[in-house]
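Participant: Submitted below is the structure of interest, expressed as structure tokens.
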Ligand code: GLU
């Protein structure tokens, strides 16, 4: 056997890829990349009532958007049911598991008596040592594994440390139901073994399952993979993550205008750190990530931090790359489709030229789109309320002079040339620069805020700029 690391992400397709699932996938992916290993994807679709194809598609879409690639085809757990059954039957043949014919009424009585004693519900092992010939005629039993009764089961967890489970708490749990379907507990073990998983990295809500799953590994004589149970994400107030806190599907983060790289950076830093480094590229994360450095304590989700980090990533990304991501994200952004519909080559070039100014004022792609709307507006521009206020009173006269000054520019139409012309006009007319620049901005963009007004003039070009200003004078 090679030493190559094989991790897996094993979502249940009962809903979207939520933010906690994305973080689990990220840690599996980073660990695989960091060690030169592979990450596999298994869709845990054994629960036929709750699993849907739409959820599977949404999960794959979410992972792809984030760039969390998996190796090979996704494995369907449901399709492997015959193999799960075969292993359960093999365990019976090996004397490590047995058929149990306890009736629902008997099981209910066992639960009831445990409850009365204040104990957790537990199967009493009544079929464990009985001869198969005692099976009631025609009854289909469930298969239960023989769990160890004494001593303890120890999970050596890379995140949680040594976690001890007294074996007296593990009862002989079912691995194959009487209808022939495997239980989830059993399916996970058989799949992880068959897929050659060396490292299991998953939410710490699965920690107690780990002890039960070890019983199955041991019974089959299989190696137990390395285990890492990562803490769940909580809201900023410490409570379990809810929708209000950001427990949304990752596609909601795409629609809110976050960059995949920034979201991954934020999720990686939730519960893991590398010195004081806050801002990390994907390459940094791969180089620095180690699963053993993940904290045990619950991580807290904080929208404000995510937003600030997203702004940093936008500003440090090169403009061509940011433009690419922006264009690809437009269909998902509020107001994005309208921009996408009008994006020809000229406007793409304008957008690229405006990007340095736009990204200084935007923390998300939604804000970027909002800032870029002026490029795509049709004349006469809709003027918002604040901009209209800037165009009242004396402003129209001032604007008339500014229009003439701009029109008189004889050389190249650049931000510098526009600035020189406007400054000269302001000085000559005894205007403060702002008294000229503000109405100019309002006329050019229909808004009271925008990138630097001279950059706006340069990006829009001579003809369009002069026409927009003229619209507000006449
Ligand atoms: N399907 C499980 C879940 O979505 C994960 C099980 C595992 O990683 O072992 O929570």
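Cβ atoms are placed via backbone N, Cα and C, with glycine included.
Keep in mind it's a predicted model, so treat the numbers as computed, not measured.
Among the features that TrEMBL reports, motif ''HIGH' region' is placed at 11-21. The region 'Disordered' annotation in TrEMBL covers 118-140. What TrEMBL records for 240-244 is motif ''KMSKS' region'. What TrEMBL records for 243 is ATP binding site.
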Participant: May I have the DSSP-based helix, strand and coil counts for the residues of the region 'Disordered' (118-140)?
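Facilitator: Going through the region 'Disordered' (118-140) residue by residue, I get 3 helix, 0 strand, 20 coil.
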Participant: In the motif ''HIGH' region' (11-21), how many residues does DSSP assign to helix, to strand and to coil?
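Facilitator: Summed over the motif ''HIGH' region' (11-21), the classes give 3 helix, 1 strand, 7 coil.
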Participant: Find the average pLDDT over the motif ''KMSKS' region' (240-244) in the predicted model and report it.
Facilitator: 70
